[in-house]
Amino acid sequence: MPVQVVSSEFVKTATRPPEWPRGQTPELAFVGRSNVGKSSMLNALTRKKGLARVSATPGRTRALQFFDVAYRPTPAARPRHVRFCDLPGYGYAKVSREERDRWAAMIEDYLRDRDVLRAVVLIVDARHAPSDSDVDAAAFLRATGRRVLVAATKMDKLPKTRRGAALRAVEGALALAKGEAVPFSAVEGTGTDALWARIASAATDEGAPAPAGAGA
């Protein structure tokens, strides 16, 4: 049964750990190449067009952006709460090396130290085989010990006859099991319910993997 979104709102932008939202609300982070469609995905998941600003300019997100979402896993259930964190996109060449290094350090600090982080959604463009940056990102996320969910976006840009092969290519390149990558299209609404089911499962999983090095 589809998740029902009760409310969603932008919380804040942060660049340093002291600025991160406080509290115990479970969090899921979203990461992918610049212009892969993160903002469109967040707007589709939160059922609020324009909540996350969509830009035609790659590399626009230069800080962590947090959004609070209340949802019901079933119509009769009490609302539950989850927080989404939009991470800066990777692979954008038109920024300085210094700026890219700053983004990388900011993201690494977040992934390593954020206690309430339950999983990371890695977003890849289904129209193309995963890039070296995508493969490296998947390996890096696994090395942190975080749970990784993969979504193949922009499926609407592909003919339906090519979608299955595109999904298999994503799963093969990222060493995923068959059916592990969620096909997604913000335009068609494809994959919204399937991805929400995995998000809700991760958000309520108290046994989610701890980050590598936690407790050391």
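Heads up, the Cβ atoms here are built off N, Cα and C, so glycines get one too.
Quantities reported herein were computed from a predicted structural model and do not represent experimental measurements.
Positions annotated as domain 'EngB-type G' by Swiss-Prot: 24-205.
Swiss-Prot lists 32-39, 59-63, 86-89, 153-156, 184-186 with the feature GTP binding site. Every protein chain shown contributes to the tally, and the Cβ of Lys38 (GTP binding site) ends up with 26 other Cβ atoms within 10 Å.
In the shown protein chains, 22 other C-beta atoms lie within 10 A of the C-beta of Ser39 (Mg(2+) binding site). Sequence annotations record features per position, and here Swiss-Prot assigns Mg(2+) binding site to Ser39, Thr61.
A sphere of 10 angstroms centred on the C-beta of Pro88 (GTP binding site) encloses 24 other C-beta atoms. Under the three-state DSSP scheme, Lys154 (GTP binding site) falls in the coil class. Recorded residues Ser39 (Mg(2+) binding site) and Gly32 (GTP binding site) have their alpha carbons 11 Å apart, per Cα-Cα distance.
DSSP assigns Lys38 (GTP binding site) to a helix.
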